[in-house]
Amino acid sequence: MRFTKPLWLAHGGEKKDHEVFSCHVSPDGTRLATAAGDGHVRIWSTEAILNASNPAYTQPKQLASLSYHSGTVHSVRFSPNGKYLASGADDKLLCVYSLEAGPVAHTTFGSNNAPAAENWRIFRRLIGHDNDVQDLGWSCDGSILVSVGLDSKVVVWSGSTFEKLKTLAQHQSHVKGITFDPANKYFATASDDRSIKIYRFTSPPPNATAYDQTSNFTLETTVAAPFGNSPLTTYFRRCSWSPEGAHIAAANATNGPVSSVAIINRGTWDSEINLIGHEGPVEVCAFSPRLFLREPPAPPPKNGDPPAVNPPAVSVVACAGQDRTLSVWNTSFPRPFVTTAELCAKSISDLAWSPDGETLYLTSLDGTIAALVFEKGEMGYPAQAADNDKALAKYGAGRRVGIVEGTDALLLEESSKAGELRGVEGRMGELMGDGAPAPAVPAVNGDTPQVNGTSKAITNGSTAEPVPIPQASKDAQQEKIERMKNRVTLTKDGKKRIAPLLVSSSNQGEANLPRPQLQASMRQGAASDEPAGKTLDLSKPYDGLPKGGLASLLMGNKRKFAEVDGDTEEERKMGEKRVRGIQQTGATPIVNNTAEGLVPASAATARKVPAETPEVLRPAVVSPSLTVSQVRLAVPMVRSVVLRPLDTSKPAGDEQAADPAADSDSSVVFEARNATGPSRTGRAQDREPTRITLSKRNQTLWQDFLPRAVLLTTGNKNFWAAACEDGSLHLWTPAGRRLMNASVLEAQPVILDCRGWWLLAITAVGQCYVWNIKTMSSPHPPISLAPALDAASAAQQGHLTAAPSLMFARLNSQGKIIVGMSNGDGFAYNPSMFVWQRISESWWAVGSQYWNTADTSVTVARPSKSSGRDRDAEASFLDEINPENISAGIIPLLERNTTSQALLKGRAYFLQRLVKQLLSAEGFEGFESSVSIAHLENRVAAAMTLEAKDEFRMYLIIYAKRIGAEGLRGKVEELLSSLMGKIFEDEDDVEDVGGGQGVEWGDGDEIVGWRRADLLKEVVMVLGKHRDLQRIMVPYARYLGVLDDVSGGGDMAMITDS
């Protein structure tokens, strides 16, 4: 070990050197920053320090001197990327400096400072503390800067915008130390309240705001046991986190009456190990950034040789404090292997290691700035940087950027990054209005208008040919506002005046409130050419279900282990009474007819309504099969009139039907009028027949009669259907011909719906029927709703139990059933596998990072400008994506139902508490990432099952981006192999290209309407920027011609990491 203390390495004063409170080494190891009582932050050349004894060294020693503080500077720290330098002082300010290009500033006249060699400028001044700033620290990725001070506050700043994100005030006294977990999951603060507090955080994005981070930076635990008798006389409590992330070295601890350094274990946060030997309190601890081996590391294995196993690596920690003694410990020995006393005359204030881990810099309150250079092998042999990454990987630390595999890999990475850049520029241009057509400007003499890239000069006296400008679509709301602005009124004296319009009612400005997901993902000014009922690929039922969904009762499949205590006969009777009440519940009327007139329905008025009302005649006579059925759904009431217009987006009404200008679809109404009067024969069962009528603008097109009361109707341009009280189902053609014999079901249909030629009927016993009326066939046998009602987990009892309510049941264009439940679950029936598949559930809602992401459909699906030989092909491929259909798709519909039923109504409260605790629990570091990836895989599989074209492509690209960012090689290989299928004719080529064996997605050349080659090419372009995956991606890129396109485009700029 060599001790170096140059005479010029000091913050000089008139009579003596100023106290030096902090030091830190830059990430590249070339600069040492020091902070002292003269209010200056000085930056020194470490090369000059280490060559102080060499008279031939003539390079600058002091690189810069920064005097932006008005008081003593207590802490100085470089950012992990070396771009910024931050300092905190007793003027309550934090200063952030940046190294800029250009000439350096001149020294102040009369000062004895050496001329600056680097141009460090003030970048930000941060105001957030009410007292001295004692210490600060950067997260390992530089995303946040945390400062602590004598005001007992811990302030978190953004590492990009330097906006204050959060203030933590859990400490009860001065906070004097801060250290970060190298795995980027925690940071620890040490305070004079004799405790260390561990905070858990997630790295915020560069554009994070304080509003976004309200739930971030949560207190994980408080460690107080080692500090019960610690003295309050220390200036600092600078703790340090070990490079492998397993320990914290906490200064100013005590072991009985003796001062010590407590080693706190990660996860359990206990401190069974203490470093004892210092005579005074320890103020600063610093782990070396490198792990060390006792023996030299084994050389890399040769071809065919097994890799050598290195012995376990150990960490090195340096400690110093008020006893003016420096001790260096190796975690494999019980005693320090280096102890140096009397290095300085006052307390040692800070320690800083060089990046190679073999040079230690120290500062003292007597003005000393010195370096200890350890010889090679003196502390051990530094382990490879990969060993650090491997040790941190078990705590969820990120990956390091790999090395480019070759020229083809560099071209692929360049193309991938250029595609992302074009996407960002395209979206920014659209937001800034670049994509809007330019306004027509009259050409004056000398102007040269551009038409299709060619210029045509217009001379004086000639006229230019008119260029047709596409007409912008008219906004109905804006037209209404214009009409309101120009509304003419007559005053009392008979004069005409334009009525004033309240400015706030015009609604011209965009609202500042966040837009709903459907609205947020639609293009500005874009409108779908399809009718409203066709944007979402689901049937649009006309009859709404009762509030809270269709009630259901269930006899569970799960056997009980024991009877519940207190399950008496009286409670059983009460339960049966409640069940009967639920079975007889009908739709609640909107208004009630009273002596005072029509009043809104309420609980008070509902009881006074007699059983026989004009709207609801009576409860339906339930089928006897309900008494033995495992599943029992609520049966709708028998109503006097059941209406079903052809256009379900507009309500059927006499005034609309009478309007001759009304649309033809909205004026066609299918009506079932049940018998309301008394029986003509005196027997209750001999009621008048139900009248079936199809009318258009109050003109009857055809009429039919049914001998039984009708409960539900549905229909479209292909057929009309009516379900009766006895479980029979009748069908008519649009002209009124009976399409087939009456179909008799086992119970009354409670839901009747149609889409295209498909017809859905769900009966009161939970059986789901689907028919193709065009082919007179069914894609699958009738299936029970019991699995979707969670019958497998409901206990088997002697009476019925309440099950989740059925919120909706609808059909898509492929004839597949989609149902949503009141517990937030969403299901789709897979007719090829004869099984219900859960598409959405509250587990994804509380655990996935991709839940309710409104921006993914815009950022991924929007086409961007491209350059290259197949610009037209790429544009046409991307233009097939409709953001409106993505946002209004079946999967987002089911997830919105989960959000409204499970999250907003509090049904997932305890699940949210469990997941929140798991996120901060030891051993679950990769929990959130795993759940998020599983959620994306669930979305991709659901889109394939539902044959949702736009949703499948969007979720596939998001999934490819995530597994690429996580570096999951196995899943990447399997995804590429599954997408490739049999694109290439030669089997040898397939084996050479596809390394992994995955499940092929189909046999043809298309997957859910997309060409395999297009999907594979896009996935390769997305994954091409990840260097550790380029060895897998380059063979696919060669076969797909991606590299030829990149090399052919000469105007593409090289984009590489700096």
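Even glycines carry a Cβ here, placed using N, Cα and C.
Checking TrEMBL for region 'Disordered' across the ranges 206-231, 518-543, 882-907 points to 518-543. Matching 291-311, 480-500, 648-668, 669-689 against TrEMBL, the residues noted as region 'Disordered' span 648-668. Below 8 angstroms of C-beta separation, residues 57, 59-78, 80-82, 85, 87, 89, 95, 97, 117-118, 120, 235, 346, 349-356, 359, 361-369 of the same chain, each at least six residues beyond the ends of the repeat 'WD' (13-47), sit close to that stretch. Residues of the repeat 'WD' (168-209) grouped by DSSP class, helix first, strand second and coil last, total 0 helix, 19 strand, 23 coil. Across the residues of the repeat 'WD' (168-209), the predicted structure has a mean pLDDT of 91.
Long-range Cβ contacts of the repeat 'WD' (126-167) within its own chain (Cβ-Cβ under 8 Å, at least 6 residues beyond either end) map to 74-75, 77-81, 83-84, 86-90, 92-96, 173-184, 187, 189, 191, 193, 199, 201, 203-204, 206-210, 213-214, 216-217, 236, 238, 398.
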